[in-house]
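Some notes on the structure that comes next.
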Amino acid sequence: MMSSSTLWGNISDQYGRKTGLKVSVLWTLYYGILSAFAPVYSWILVLRGLVGFGIGGVPQSVTLYAEFLPMKARAKCILLIEVFWAIGTVFEVILAVFVMPSLGWRWLLILSAVPLLLFAVLCFWLPESARYDVLSGNQEKAIATLKRIATENGAPMPLGKLIISRQEDRGKIRDLFTPHFRWTTLLLWFIWFSNAFSYYGLVLLTTELFQAGDVCSISSRKKAVEAKCSLACEYLSEEDYMDLLWTTLSEFPGILVTLWIIDRLGRKKTMALCFVVFSFCSLLLFICVGRNMLTLLLFVARAFISGGFQAAYVYTPEVYPTATRALGLGTCSGMARVGALITPFIAQVMLESSVYLSLAVYSGCCLLAAVASCFLPIETKGRGLQESSHREWGQEMVGRGMHGTSVTRSNSGSQE
């Protein structure tokens, strides 16, 4: 996922959002099903690695979706589509409860790929981004897409002329480091790193803490099991699965909280708040609490770190222009995978030495990410999508209703 996210972003900027998303999903579906037939462990590693390579392109669905949304509804709609991420995680836990004890992991992998099969069947209906078509010079395709939208929504086409400003050099890494975007890119990379580092770290910690009972039990258990094989697998009980389900369900209130505050506080402050709350909950885990309080703290922590992740998914497509939007989101997603790659060494390996040190690392990382969120140079709340990386044009705020006139200035991206 780390190595492919930037590649899928580049493909989406060069050849279209729909093309990049469709190829990545078909790739993931093929290797997802194939991995269920892995004959030996080494083949599981190779095939699941190829699945991860395909999943690196899934964030481009947010790029495509964001480019169809009007400014006033963009944050709300992107957050609501993230509900399906939470539904997917809940679906996977429930699937594991029923499939793992009876059918085993092979059937779990096959059934987990079924939603991708549904997308593969339905993707012919998916339209290409009109913003991408405008920037790539395909005026007819852009107008056809806009007419289709108008027809399906029972609304008239905007007045005025669609302005084409073709840009050939799309999806270039150097455009992420122009003076206007340099600090934004570097800070976003750290924010995405911290999000994935903390989110997946909490997922791994949840399993470890539930198996031990609480933080104090982990500290004492390490001394007691030194003589045991360190690779021994402790199977999850039915109670463990139910608690995993409850902590996974916390992503829904996380979405609701983020939905409520993101247009009130703005994108930057929302991300900062989510990081601070997660950090506070991590510190509270230092206390030897009972199972119920442990589940509650993990519930709140996961709600807010998933909310921070969702806020980053809103902010990132908004801050970059159409020419580099997919690449910007792809590189950020790649940095998130670096965090996901490192976090098992903290949540599982370092945990063997000191559970308190592990929790302190997550808490400190999120506090730094909160500071980084506040230092982002651009607040995208109420800001239109920029189209070209060369000059600012086609902003949504220069649309209908400006200066009391009745004429719509229909630049690409000015549909409200």
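The backbone N, Cα and C atoms fix where each Cβ goes, glycine too.
Curation plays no part in TrEMBL annotations; they are all automatic predictions.
Summarising the annotation, TrEMBL assigns domain 'Major facilitator superfamily (MFS) profile' to 1-381.
Tertiary proximity for the transmembrane segment (21-41) is limited to same-chain residues at least six positions away from its ends with a CB under 8 Å from its CB atoms, namely 4, 8, 11-12, 47-48, 50-51, 53-58, 60-61, 64, 106-107, 109-110, 112-113, 116-117, 119-120, 123, 126. According to TrEMBL, the transmembrane segment annotation covers 21-41 (among others).
Per TrEMBL, transmembrane segment is recorded for 47-66 (among others).
The transmembrane segment feature in TrEMBL is assigned to 78-99 (among others).
For 105-126 (among others), the entry in TrEMBL reads transmembrane segment.
Through the fold, the transmembrane segment (180-200) approaches residues 271, 275, 278, 302, 305-306, 308-309, 312, 315-316, 319-320, 328, 331-333, 335-340, 342-343, 346-347, 362, 365-366, 368-369, 372-373, 375-378 of its own chain, all at least 6 residues removed from its boundaries and within a Cβ separation under 8 Å. Taken from TrEMBL, the feature transmembrane segment covers 180-200 (among others).
If you look up TrEMBL, you'll see 244-263 (among others) marked as transmembrane segment.
Look at TrEMBL and you will find 270-287 (among others) tagged as transmembrane segment. Residues 191, 194, 198, 202, 209, 215, 258, 261-262, 294, 297-298, 300-301, 304-305, 307-308, 311-312, 315, 356, 359-360, 362-364, 366-367, 369-371, 373-374 of the same chain lie 6+ residues outside the transmembrane segment (270-287) yet bring a C-beta within less than 8 angstroms of a C-beta in it.
What TrEMBL records for 293-315 (among others) is transmembrane segment.
TrEMBL lists 327-347 (among others) with the feature transmembrane segment.
Long-range contacts of the transmembrane segment (359-378) within its own chain (CB-CB distance under 8 A, at least 6 residues past either end) are made by residues 183-184, 187-188, 190-191, 194-195, 197-198, 201-202, 215, 268-269, 271-273, 275-276, 278-280, 282-283, 285-286, 305, 308, 315, 319, 346, 350. Residues or ranges marked as transmembrane segment by TrEMBL: 359-378 (among others).
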Confidence summary (mean pLDDT) of the domain 'Major facilitator superfamily (MFS) profile' (1-381): 82
Proximity of the transmembrane segment (105-126) to the transmembrane segment (78-99), 3+ C-beta pairs under 8 angstroms: yes
Cβ-Cβ under 8 Å with the transmembrane segment (78-99): same-chain residues at least 6 beyond its ends: 61-62, 65-66, 69, 107-108, 111-112, 115, 238, 241, 244-245, 248-249, 251-252, 254-255, 258-259, 262, 306, 310, 313-314, 317
Chain residues in Cβ proximity to the transmembrane segment (327-347) (below 8 Å; excluding those fewer than six residues from its ends, i.e. six or more beyond): 1-10, 12-13, 56, 59-60, 62-63, 171-173, 175-176, 185, 188-190, 192-198, 200-202, 204-205, 208, 312, 316-317, 319-320, 358, 361-362
Remote residues contacting the transmembrane segment (293-315) - C-beta distance under 8 A, at least 6 residues beyond either end: 59, 62, 74-75, 78-79, 82, 86, 188, 191-192, 195-196, 198-199, 202-203, 205-206, 209, 214-215, 243, 246-251, 253-255, 257-258, 262, 267-268, 270-271, 273-275, 277-278, 281-282, 284-285, 332, 366, 369, 376, 380
